[in-house]
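Reading through the structure tokens given below for one structure.
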Amino acid sequence: MKHPLFNQKVLAGFVSMLLISGSAFASNNEKSEMTKPKGAVGTGVALENQARTNQFWWPDQLNLSALRDHDKRSNPYGENFDYAKAFNSLDLDKVKLDINALLTTSQDWWPSDYSNYGPFFIRMTWHSAGTYRTLDGRGGAGGGQQRFEPLNSWPDNASLDKARRLLWPIKMKYGEAISWSDLIVLAGNVSLENMGFKTYGFAGGRHDDWEPDMVYWGPEIEMLASDREDNGGKLQRPLGATHMGLIYVNPEGPKGVPDPLGSAKNIRVAFERMAMNDEETLALIAGGHTFGKMHGAHKPKDCLGAEPAAAGIEEQGLGWKNKCGKGHSEDTITSGLEGAWTQAPTKWTSLYLSNLLTFEWKQTRSPAGAIQWIPTDESLHKAVPDAHVKGKFHAPVMTTADLALKYDPEYRKIAERFLADPEEYRLAFAKAWYKLTHRDMGPSRNFLGKEVPKESLIWQDPIDDKTQSNIDADGVQELKAQILKSNLTVSELVRVAWASAASYRHSDMRGGANGARIALSPQKDWSVNNPAETAKVIKTLKAIQEDYNDSLFSKSKVSLADLIVLGGTAAIEKAAKDAGFTVSVPFNAGRGDATQAMTDINAFSLLELTSDGFRNYFDAQQSYKSPVDMLVDKADQLNLSVPEMTVLVGGLRALDANYKGLKHGVLTSTPGTLNNDFFVNLLDMSTVWKKSSTDGIYEGFDRQSGHKKWTATSVDLVFGSNSELRAVSEVYAFDTSKQKFVEDFAAAWTKVMNLDR
């Protein structure tokens, strides 16, 4: 189904104009003299005077851009800007008063519905936070990505460009003290409070981005298309929405078919992938649809201009210009659906639930032609006041997705329970809204402001503060000595420390070494972590921990989380010494331990790695990209640069830290020592590489004798094959770079160990 809001004709016309007219830098005569290779088809011209990426010419070329985006130089505040300090200096009450005043001050250029912008801002907030997905932690409110393409031009975000412009005077007033990402969420909270709802809390602390995130939003090349399910109907990993350009599901039904039960299946999958259970899902949909209305006064194709990304420069970043009627107010067009769900669209009530469950509904179409539902009882058709025209009334409406909550048995049970107990319903929506808008912020230590709830919720991955280490430098040295005297090898210590810390995801700041959850379910049982080896290492480290903490001479305590990291630190220093180098790996104590009761097994299971190229692990059944692409994806989640990724792979191979001790890529005769052999031997021209009979495995032979020397995976060989990675690998293969390699590895290792702090 093509969505009328994404103006394909306008976009095609824009591109055609560029193709035909060229740029200001190429004359018609110059273009007429252009030639193309013999046998080539088409014009041979894409966009004149535009550089093309390597992926344009070679689509299978490894793309390293994710490891170079969000450069610090993009931030106009500069590297020394302290957002936490700026936010904490803010008088939040004054900001909220200003937002409240804005809500009921209608602007002529975009008048408010029902004389209140609250419902509009709630939609803006929801759609900012609602892109979050659990499988890779990407999306969410953090960064204020709704300001940038593609999100600012998604069909589901139609008209939200105006919502952000309405907020601009407040942003301009408070400047850098409140980020766009925080302001967008705060505006939604204040809107709820303005309309009589008691929210659960609000936390600041979201940093703004200054460029679009590189996120895989789906395989489709047209907005509103849906080609992301396998033959069994399962949604492709790691996606959460069912259509390109939608936040969740098609409100008219699966692929536009008005099937409430089919819609319920889509809703359940989409919200599960956003970390919401059935109760939270029901509360969010019902609570959100208590407010405001949908807009489909006319057919979009007859009235709307291009989305912001395709609109003319004179529109100044706004899109969807409406040429019909007033162009706003009662002529507003967004989704194409039209009408309000309740009789009081600017008040917190249970009317959505009572309407949904009590009324019988019949299918109809909006003025824009979208499928929707109205009550069969015609006496209800004048129950809802018009948003702009005094004295005019309408029927309440529901979408197919709304009716899913009535016809799905499990959702209906929850809806009936909430209707019978308004306070349970209110609290469920309050907590679900708080989770929705804060899910991508990581642990509660990242939360700022006086409205942060005192309670630490399980989805925030809490840690027992009482277990935090307080060991000093002498204690660190004593513990390192005890670890190295144990029966644990360098490789075992490195593997478990890496497994603990590398569970971190920069996208939603979850995982990491803090909490020592590698000793708990489900992380201790993940295949990538080699459960038997992990159990052995944890058992030994716990014994060392108990001896140290129970010692009469010990004035300090050490957590298991710190001891796991310290084990890796000690192992690396020993491995460097065994290779003839001296390096001091920084270690900062203070981590604490979590308990099993503090760990949401279902939510934490979604962090399980299906691929970790740093350990040469790849699950072909569960991974959604090639091994080398998954390596880059993981490096991106660890916030690594290209050199950091490179030196870590080379060092971990030298340390024999592969999954289950596999020898692929261990290009050294001294495994377990820290040296640059991986790079030296990978770039050695006396070795010729060939595919083996085992899929994904390569064999390296001596070019003269034919003797097999090594085995490797594509993750190993890409550092010699890819021109950019080879350039970095060459640096670490220099005879003069041996000490540099060790120091750079130690620095990158330390960075990973501390990502969650």
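Placed from the backbone N, Cα and C atoms, the Cβ positions cover glycine too.
Annotated features in Swiss-Prot:
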- 1-26: signal peptide (SIGNAL)
- Arg123: site 'Transition state stabilizer' (SITE)
- His127: active site, proton acceptor (ACT_SITE)
- His289: heme b binding site (BINDING)
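Feature map: Swiss-Prot annotations on the structure.
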{"residue": "Arg123", "record": "site 'Transition state stabilizer'", "Cβ neighbours (10 Å)": "24"}
{"residue": "His127", "record": "active site, proton acceptor", "Cβ neighbours (10 Å)": "22"}
{"residue": "His289", "record": "heme b binding site", "Cβ neighbours (10 Å)": "25"}
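Mapped onto three states, the DSSP output places His289 (heme b binding site) in coil. Between the C-alpha atoms of the residue listed as 'heme b binding site' and Arg123 (site 'Transition state stabilizer'), the distance comes to 9 Å.
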